[in-house]
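Q: Sending over a structure as structure tokens; questions will come in a sec.
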Amino acid sequence: MTAAFLTRFFSPLQMSITLIESTEIGTVGVGEATIPPIRAFNHSLGINEAEFMRATQATFKLGIEFRGWREPGHTYMHPFGYTGAKINGQSFHPFWIRARQMGQGHAFAEYSLNTLAAYAGKFDWPSADPSSPKSTLAYAYHFDAALYAAYMRRLSETRGVQRLEATITHAKRSAEDGGIDTLCLSDGREVAGDFFFDCSGFRALLIGEAMNVPFEDWSNHLPANRAVAIPSGVSQDILPYTQATAQSAGWHWRIPLQHRTGNGYVYASDFISDEAAAASLLQALDAPPMADPRVLKFTTGHRKAFWVKNCLAIGLSGGFLEPLESTSIHLIQNALTRLSSVFPTRRIDGVSARLYNRVMSEEFETIRDFLIFHYHVNGRQGEPMWDYLRHMSIPSSLAEKIDLFCERGLTSFPNQTVFQEENWMSVMLGQGLVPQTFDPLVGAVPDAGMLAALKQIHQTCLQTLSEMPAHTVALKKAQTP
Ligand SMILES: Cc1cc2nc3c(=O)[nH]c(=O)nc-3n(C[C@H](O)[C@H](O)[C@H](O)COP(=O)(O)OP(=O)(O)OC[C@H]3O[C@@H](n4cnc5c(N)ncnc54)[C@H](O)[C@@H]3O)c2cc1C
């Protein structure tokens, strides 16, 4: 992604880009669920959707179903897209809260076209016309991350990136300015450069090993530190959404692709052994396994600085937030987009690096809060991990969000980037929070008018849903050149 992005946007600078990859080491090999901004990223690289979907075995994703998170047996959807429609030019959410306090209206999810379509196994593309109900739709993809990486590699190479198949042993730093001068390869070659992107995964070869940037560990709030992954055969229904099912020590993911289903158990090793986690996942598969269980270890958090001197960490080398809301690939793409507005003006550009580091740290923190929220506000009584999570102290930034929602139904928070008010609303309601009041501004609309608007919005959702094609039909259409 980094090489493809650089060559697309910075080729006028006459840069020469070298991509060094080691097949001996390989990629992490998981990462199958994404969020809607990936569409803008792909589009910015000039990627054709049909070609991309064929190349990566992609399916459409309308949201994430959370099973058993509030309590065992309870299920809710965190849909993409906008729930409801504006009333009198104002957000739908406070009107809905007001109607519910009057004992009127349907469940929040009943006004989400994404949720209705997901559960009906349907899909359609969003409309660009803001007056169309389909303009509230939004989608992302499930895909094979290894195939996506290979696709990006091909794209980069055809656009002029030079690729070296080699293993880097270490970096040599300049005695003068502390920046990296060269990368030393295991075959004795050395590669010099002006600026180095560390995309070496969890090993953090440059940002960690060469530049010694410490890691900020968030395990106390997000204790999951392992995952076991097992691909299985394609099941009958290719669902247009991810499933995240709470378990005693974490959660199972289920991600339907065209050629297989991705399954994993993200867990905290303090609460379950690797063997028991793998057994739990194997038991939950709905089709035969296609490979042996593979255990991955990780620590949640990020480097205290992503960019130091002439080295910038992108991807897992910079940090990792567990995959509950499918944000890692997004964070890579987001990092690249942000970099484009502060591209280094010289080999060591401290001013740009400071700005970039601040913005990326905030990005990580807002996602961290969203993830912690899912775990913290749980009603899974009597299970040690969930009891710990419910009682642990939380960052003050998250405590403030919970207060704002509970006391005045607000989900529009400062520094909101990737997860907007509708995302927070779905998850806060889903986890069982109930706002005590609503934005007083919506009180200006008379009750009858408000209830009629809600009814109309609901009927429009159902009517639009009835006209949408099945996910499998849309998948075929999407891949037709
Ligand atoms: C359990 C789990 C589930 C995940 N699920 C999701 C998800 O659903 N959605 C999502 O968005 N993200 C997910 N992710 C994250 C996602 O997998 C990564 O963000 C993505 O794969 C990018 O990883 P990367 O390129 O940073 O690292 P890697 O994939 O590890 O790639 C590192 C690269 O560096 C090269 N390399 C390393 N060392 C050397 C060396 N010494 N010399 C030369 N080359 C070297 C390797 O060959 C490789 O090409 C998940 C991660 C985990 C652990």
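Glycine is no exception: its Cβ is also placed from the backbone N, Cα and C atoms.
Just so you know, TrEMBL annotations are computer predictions that nobody has curated.
Copying in the features that TrEMBL gives for the protein in this structure:
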type	residues	note
ACT_SITE	Lys61	active site
BINDING	Lys61	7-chloro-L-tryptophan binding site
BINDING	Leu316, Ile329	FAD binding site
BINDING	Glu325	L-tryptophan binding site
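Structural setting of the listed features?
A: Every protein chain shown contributes to the tally, and the Cβ of Lys61 (active site) ends up with 29 other Cβ atoms within 10 Å.
According to DSSP, Lys61 (active site) is assigned to a strand segment.
In sequence order, Met1, Gly31, Thr34, Ile38, Ala145, Tyr148 make up the list of same-chain residues 6 or more apart from Ile329 (FAD binding site) whose Cβ falls under 8 Å from its Cβ.
A helical conformation is recorded for Glu325 (L-tryptophan binding site) in the three-state DSSP classification. Sequence-distant contacts of Glu325 (L-tryptophan binding site), defined as residues of its own chain at least six apart whose C-beta falls under 8 angstroms from its C-beta, comprise Ile35, Ile64, His78, Ile367, Phe370, Leu371, His374, Phe419.
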Q: List those of the recorded positions Lys61, Leu316, Glu325 whose Cβ lies under 6 Å from any atom of ligand 1, in sequence order, or write none if there are none.
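A: Checking each Cβ against ligand 1, the ones under 6 Å are Leu316.
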Q: How big is the gap, in Å, between the Cα of Leu316 (FAD binding site) and that of Lys61 (active site), rounded to a whole number?
A: 23
Q: Suppose we draw a 10 Å sphere around the Cβ of Leu316 (FAD binding site). How many other Cβ atoms does it contain, all chains included?
A: 21
